[in-house]
There are 2 protein chains.
Amino acid sequence: MATHALPKYLTGDKAAINEFIDKFDVFLFDCDGVLWSGDHVFEGVVDTLELLRSRGKQTIFVTNNSTKSRSDYLKKLTAMGIPSNVDEIFASAYSSAIYISKIMNLPGPKNKVFVLGEAGIETELRECGVPFIGGTDPAYRRDITPADYTAMADGSMLDDDVAIVLAGLDFHINYLKLAVAYQYLRRGAKFLATNTDSTLPSNHTFFPGAGSISIPLVNMTGQQPIALGKPSQAMMDSIEGKFQFDRSKACMVGDRLNTDIKFGIEGRLGGTLAVLTGVSKKEEWEVEGAETVPAYYVDKLSDIKV
Amino acid sequence: MATHALPKYLTGDKAAINEFIDKFDVFLFDCDGVLWSGDHVFEGVVDTLELLRSRGKQTIFVTNNSTKSRSDYLKKLTAMGIPSNVDEIFASAYSSAIYISKIMNLPGPKNKVFVLGEAGIETELRECGVPFIGGTDPAYRRDITPADYTAMADGSMLDDDVAIVLAGLDFHINYLKLAVAYQYLRRGAKFLATNTDSTLPSNHTFFPGAGSISIPLVNMTGQQPIALGKPSQAMMDSIEGKFQFDRSKACMVGDRLNTDIKFGIEGRLGGTLAVLTGVSKKEEWEVEGAETVPAYYVDKLSDIKV
């Protein structure tokens, strides 16, 4: 048995659940593995969300998915039967746009972003008033040509106003985009990533994640990006920048110890709640020397009921 | 001043040069930075090569360039005015084909290679009788579709005979190819890379190298590939497998301490010769605690004259 403090188990303990709910004003939810798995919504999660809202709690959905804008993600929640609104959604594309516009806040005109990623990133940058190039522009969705080498080397195809390279999941990644992004980094652009997950779970297997887009640039430059997804605290700073909540009155809810729960603990939130419907198992925090231990756990999110 | 043994400086010392030449039967040459820089051939290098050949020495050109087959590379040497023949050329695509066919030598039919790379790799695999898919096949030069996710997850678009993933420099890299390569690695395919150079020097700047193609797979799987380029000793094993030379009578000539000279030292060759016409400077081996120190050095290759 572990000698460290273990999380409090809430399932079936109504008094403890009420005390848990009363302790917090804000609940941050990871989505996949907590609310649903793939296309299957877990039974009762809508009731739990409604219970929290009926008691005046703020609910926020936090996702590392960088291909979707908040309104895209709202459509997904709606399709899943989960009532929500765009202001409750915090995805890594939005997190990046907030970080760039509110925290970095570079003066123009040298404040353009070169984007490796899909339309969701572009939507969020546009809404935050951040100028950008790259992204889904067909001019970059092509093979590299001999003329490109020359035009990159002499700088004629590079925009002097680019000050940031932002790498997210790009289903249209190619050699040209990587080469251009690298040239901007060589010229001193700041290196940001929406998130650095190496893989993307889908169809019960894994595909290349956003980290697969940024890692060649890490390898070429020897630089690590500032990541705007869990568990990076730059994302927590972005969330706090938007919602202005009291961290001691906030609780992070998630299924993965090394991203969700770590994110909450390192963000010094008042609490963390692990659910057992996703990746991590309780054996992981029960072992001697477990690094990341949640404050609470339930078998499933819908166990939060009174 | 360094307390370790320093390389012997040969420039201008005819007696030492003669002794140096007599000591070896085989000279392995790195090309860029030794014979030429970009499109500019260094004066006198052809005379040096002819001198060595006239004394019965075997000359071998060793390059990490994976996009060219040996016959492609011969064209490049010829265009540069350097007399050579295809048997003197050892490029990482060829090195990979030799390693797969002669050293791994997997029994068919489960011996196919999924290639990330260009035509040079395909040519060499074909000449060594190695079956392969991927590479320049237009079927993989396209965007990923929803049907691909399903067909990768259920295995229907994967070839059960693929036993090796070989990653080289691929100017047509895309998300689909990375996803397919990853699926093969998950299913237990061996992971090989022609070379793992993160960058490719060109036009006086740098572009993504072969290592930029393999690194997302490293990051996703946590596995390192067996690399068939300098300084990996798998390449030296391939060279020895072909030329059957006595390592103690071979000398590696190069401009980069951390690839060329390291390659020769770790391969326990009889000697290493550094030239100062490329990347490394003599200050690098003169510092206290220098890790990689050549046995000899000259200002430029053409200083090897009698």
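Positions of Cβ are set from backbone N, Cα and C atoms, glycine also.
Note that the coordinates shown come from a computational prediction; the quantities given were computed from them, not determined experimentally.
TrEMBL lists A:ASP30, A:ASP32 as Mg(2+)-binding residues, and of the candidates A:ASP255, A:ASP299, A:ASP303 the one it assigns to that same site is A:ASP255. Summary of the Mg(2+) site environment: with the site residues A:ASP30, A:ASP32, A:ASP255 set aside, the chain residues having Cβ atoms within 8 Å of the Cβ mean position are A:CYS31, A:GLY33, A:VAL34, A:LEU35, A:GLY254, A:ARG256, A:ASP260, A:VAL275, A:GLY278, A:VAL279. Remark: A:ASP255 (Mg(2+) binding site) has A:ASP30, A:ASP32, A:GLY33, A:VAL34, A:ALA274, A:VAL275, A:LEU276, A:THR277, A:GLY278, A:VAL279, A:SER280 as non-local neighbours, by Cβ distance under 8 Å and separation of at least 6 in sequence. Residue with the densest Cβ environment among the active-site residues A:ASP30, A:ASP32: A:ASP30, by other Cβ atoms within 10 Å. Sequence-distant contacts of A:LYS230 (substrate binding site), defined by Cβ-Cβ distance under 8 angstroms and a gap of at least six in the same chain, are A:ASP30, A:VAL62, A:ASN64, A:ASN195, A:THR259, A:ASP260, A:LYS262, A:PHE263.
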